[in-house]
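Student: Take a look at this one; I'll ask things after.
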Amino acid sequence: MPFQRPLQYRNLIIHAGDDSSNEDDSDDEEEEKKKKEAEAAAAKAKPKDASQIKPFYDPFNKKPVIQEPDDPTNLPEIFHNMKEDNLVQQAVKMFDALSNDGYMPEAMKLFGVIKDKSKMPDVVSHTAIVEAYCKAGRIKEGLKSFMRMQASGVKPNSYSYTVLIQGLCKAGMLEDAGKYTLEMLNNGWNPNAGTYVTLVDSYLRAKKENEMQQLLVKLKDKGFVANDQEARKHMKKMGRFNRGVMDLLFGQYK
């Protein structure tokens, strides 16, 4: 008669086999999980297609990289685009403006922070917000943003002041425009031709020639000197020549 194990032993063997099967399944699942994690890590570390990588800005490359928004009043889209391109275009505009205004050391310092530390300076982001509000015609929000920038300890540069002052002039807030032009000079930044021509032209259009004369005296006391050639060049760019602006800047007040 063939040998038969007692029932309890047979049950033990069956259960033992079941446990072994479960352990194998568990090992397979763990192995599969590790494999997927490794594949995910490899995919993440894999370089992007070259066409998808946005090249870092080269300040000595004259190829234009700045794209102005189609609708400057569409602030949600503008702020979204700022986030998408990491404010690179704003930094480009600021770098070019500082260079053109004769502040090359400051421009290169700005470029160095971005390149060496891979960090966007706070003045770029704050000024970008001020500029967006000004171009959208919401100058009061722009002014508040400028004041918040100063309150947070971020020092505006010549481009920051230019953006604000021209926005104030466009909105007819001439007293504030004059105030920040004086502050600009106090902080060591000279207004460029675009800024002071716009300032004088705005005062004359508002029929406030006397107020502009008084402001010019204060500006000159701070060291302001207008450049005849640059002023004419800017007015040519504007498409009109204002004799009154030239008289105020280079006439009896020269």
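Going from the start of the chain as shown, residues are counted 1 onward.
Placed from the backbone N, Cα and C atoms, the Cβ positions cover glycine too.
Per TrEMBL, the features are:
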- 13-55: region 'Disordered' (REGION)
- 20-31: compositional bias 'Acidic residues' (COMPBIAS)
- 122-156: repeat 'PPR' (REPEAT)
- 157-191: repeat 'PPR' (REPEAT)
- 192-226: repeat 'PPR' (REPEAT)
Student: With a Cβ cut-off under 8 Å, give me the same-chain residues at least six positions beyond the ends of the repeat 'PPR' (157-191) that come close to it.
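Tutor: Sequence-remote neighbours of the repeat 'PPR' (157-191) are 93-94, 97-98, 101, 103, 106, 123, 126-127, 130-131, 133-135, 137, 139, 142-143, 146, 149, 198-199, 201-203, 206, 208, 211, 215, 218-219, 222-225.
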Student: I'd like the per-state residue tally for the repeat 'PPR' (157-191) from DSSP, helix first, then strand, then coil.
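Tutor: Breakdown, helix to coil: 26 helix, 0 strand, 9 coil.
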